[in-house]
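J.: One structure follows; several queries about it will come next.
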Amino acid sequence: MVGSRTSTEKLKNPKMIRSSFGSQPLSVHPSSSSFGFGSSSRGAFQRQYLSPEHAQAMGGNNSPGAIYNMLSSISKQPLSNNSTSAKFSFGTAERIGKANNKKGDRKTNMKPGPGAYKMPSSIASQIVSTKKSAATPSFGSSTRDNQQKLFLTTDHEKIHYGRHSPGPSIYQATSCFGIQQNARNRSSPMWRMSKSSRFEYDYEKRASKLPGAGQYVAGSSVGKMVVSQKKTMPKFSFGRGTRDAKAKLFTSADHEKSQYGKHSPGPTTSVTDSSMGRQILSRRSSHNAWSFGSAVRKTFKESEVPGPGAYD
């Protein structure tokens, strides 16, 4: 009885009502489902088995990282299945002449160096008989006149043909048009204008009696045709009827309906009663009206009790 009374007082008192979020202490109020972040670690999730395909995808996650000691493929290989590549190094033997100095050999030290020899030039005349001197071309000292008189071969002589012959402008070449004077040249066919006089036929006399092109009176093709053989085309013009005559024209009953109200007074000529306030026509109901009260203020009796500030 005490517990039910306490819960009833809590329900009546709004200050004692608990929040609708979270776990509800009252059994009459269902607690809503709550969600939170998982407290499991990632290591436990990785150890979870779902399917064989998922286990294959997780392969290698627990293996050590790039901590393997990868041996170099250069220089000597410690593994027997890896062949060691060939290597090269500088020789450790002493230079020529250095070892002979220790033994007291002075002949090696007496030899001249590479720059002590005097090598003759391989260009121009060679002094040593075992070396052949190369041919040395030079500019000729002969004149051009002597070169023209020099006979080399018959074919070479042909290039001088016509050198002393007259130029092309000295010859008088005949035209290739018209009659050819040389019998070996064939004359091309020729055409010429006839020498007969013009307008010697009968049409000249008849043409002189006919009027010219500008003497004919050609009628216009627009408007009314004078010649009966030509058809006059229809023509259109602006109507001369007034708007008042058109308004009196009766076309149809539906067309007459469009003229309704044309001669009626406009909207500002009639006096329209206001829809606010009291309505004059009995067919219209007047709406409720409110107004300020007209009663006199302070109708109650004033109290003779002193106010809060009157006490000493």
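Including glycine, each Cβ sits where the backbone N, Cα and C put it.
A TrEMBL annotation is a machine prediction, not a hand-curated record.
Residues annotated as compositional bias 'Polar residues' in TrEMBL: 20-30, 59-68, 266-277. According to TrEMBL, the feature compositional bias 'Low complexity' maps to 31-41. Residues or ranges marked as region 'Disordered' in TrEMBL: 1-68, 99-120, 252-290.
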J.: Can you tell me which parts of the same chain pack against the region 'Disordered' (252-290), counting only residues 6+ beyond its ends and a CB-CB cutoff under 8 A?
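T.: None.
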J.: Taking helix as H, G and I and strand as E and B in DSSP, count the residues of the compositional bias 'Polar residues' (266-277) in helix, strand and coil.
T.: 0 helix, 0 strand, 12 coil
J.: Reported in the order helix, strand, coil, what are the DSSP residue counts of the compositional bias 'Low complexity' (31-41)?
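T.: Summed over the compositional bias 'Low complexity' (31-41), the classes give 0 helix, 0 strand, 11 coil.
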J.: Using DSSP, how many residues of the compositional bias 'Polar residues' (20-30) fall into helix, strand and coil, respectively?
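T.: Its residues divide into 0 helix, 0 strand, 11 coil.
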